[in-house]
Amino acid sequence: MTLVGRHLVQPADFSVEEIESVLDLGLRIKEDPSKYIRVAEGKLLATLFYEPSTRTRLSFEAAMNRLGGRIIGFSDPGASSVSKGESLEDTITTVSNYVDVIAMRHPISGAAIQASKACKIPFINAGDGKNQHPTQTLTDLLTIKACRGQLNNLTIAMCGDLKYGRTVHSLAKAMSRYTDTKFIFIAPDELKMPEEVLNDIEGINYEQTASLEEAIGKCDILYMTRVQRERFEDKAQYERLKDTYILDVEKMSKAKENMLVLHPLPRVNEIAVEVDQDPRAKYFEQAQYGMYVRMALIMKLLGIGE
Ligand code: CP
């Protein structure tokens, strides 16, 4: 089925085959970006960011610029008519009169599906609260595919804030559709993977532990996450939990030689800077894959230039 005109609110909106087609195009773009510099000429992307971002917003904007398209939008909702009380639906309906595709980030879980229902052009969820972050998942999948050459038969450990981290919710659901995936969820009791995500991956082999040291030698991918300060009501609890896991050179010495360390970023303390020199640390490369996969996604949704 074609992806032209579709919305992306969560990874399950696309079939495995459709995701593969985006990843394959992302890899082709990375091989020779010069082939694609004009394909989106005359097209406009709106980036509507109701919550802070570095990678997602700037990689979307870099992606559209590198395709020859143009961008409008806001990164401070206080400077838009949202500050006058305009509804999400009215904002989306209005902006969809001006542009060809919208990428929106919002602090409220469920805002993306709500916005997509009001959107008559392709709508991309760029992260909604603690719910989903599907373009981060496309980024993660492309990084794994490029660096490991496969998405099947992998043991993926996810470590840190599995309760509030939307990236791990999306990635767990997406990876559960590949053959022989195994998960190790590493979190303290307060930040364990939510039941609804565990229900969604029913039938998939997973274990839960609080020990990074025990798990690190068993995984092919170690997906580190930040404890999400902005989602805690109890700030004292955040302070207590924020440094539960710190990946350092000593812990890396217990990992497989071909293990990959991924992180959606931003990093706070959970990966020591000394790990950046380890060839298994792929998180900055991952951020670059994010731009290529967003170029591919924009092209697919707009039906341009392949
Ligand atoms: N990975 C990610 O979503 O980063 P930003 O919050 O900087 O966009």
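Each position is counted from 1, following the chain as shown.
From the backbone N, Cα and C atoms, a Cβ is placed for every residue, glycine too.
Any TrEMBL annotation is an automated prediction that lacks curation.
Among R28, R105, R231, R240, only R105 appears in TrEMBL as part of the carbamoyl phosphate site alongside R55, T56, H133, Q136, L265, P266. Listed in sequence order, the binding-site residues near L265 (carbamoyl phosphate binding site) (C-alpha within 10 Å of its C-alpha) are R226, out of K84, R166, R226. Listed in sequence order, the binding-site residues among R55, T56, Q136, R166, R226, L265 whose CB lies under 6 angstroms from an atom of ligand 1 come out as R55, T56, Q136, L265. Secondary structure counts, DSSP: the domain 'Aspartate/ornithine carbamoyltransferase carbamoyl-P binding' (6-145) has 69 helix, 25 strand, 46 coil. Counting neighbouring Cβ atoms within 10 Å of each of the binding-site residues (R55, K84, R166, R226), the lowest count belongs to K84. Long-range neighbours of T56 (carbamoyl phosphate binding site) (same chain, six or more residues apart, CB within less than 8 Å of its CB): F49, A103, R105, A126, G127, H133, T135, Q136, G290.
Recorded residues P266 (carbamoyl phosphate binding site) and R226 (L-aspartate binding site) have their alpha carbons 7 Å apart, per Cα-Cα distance.
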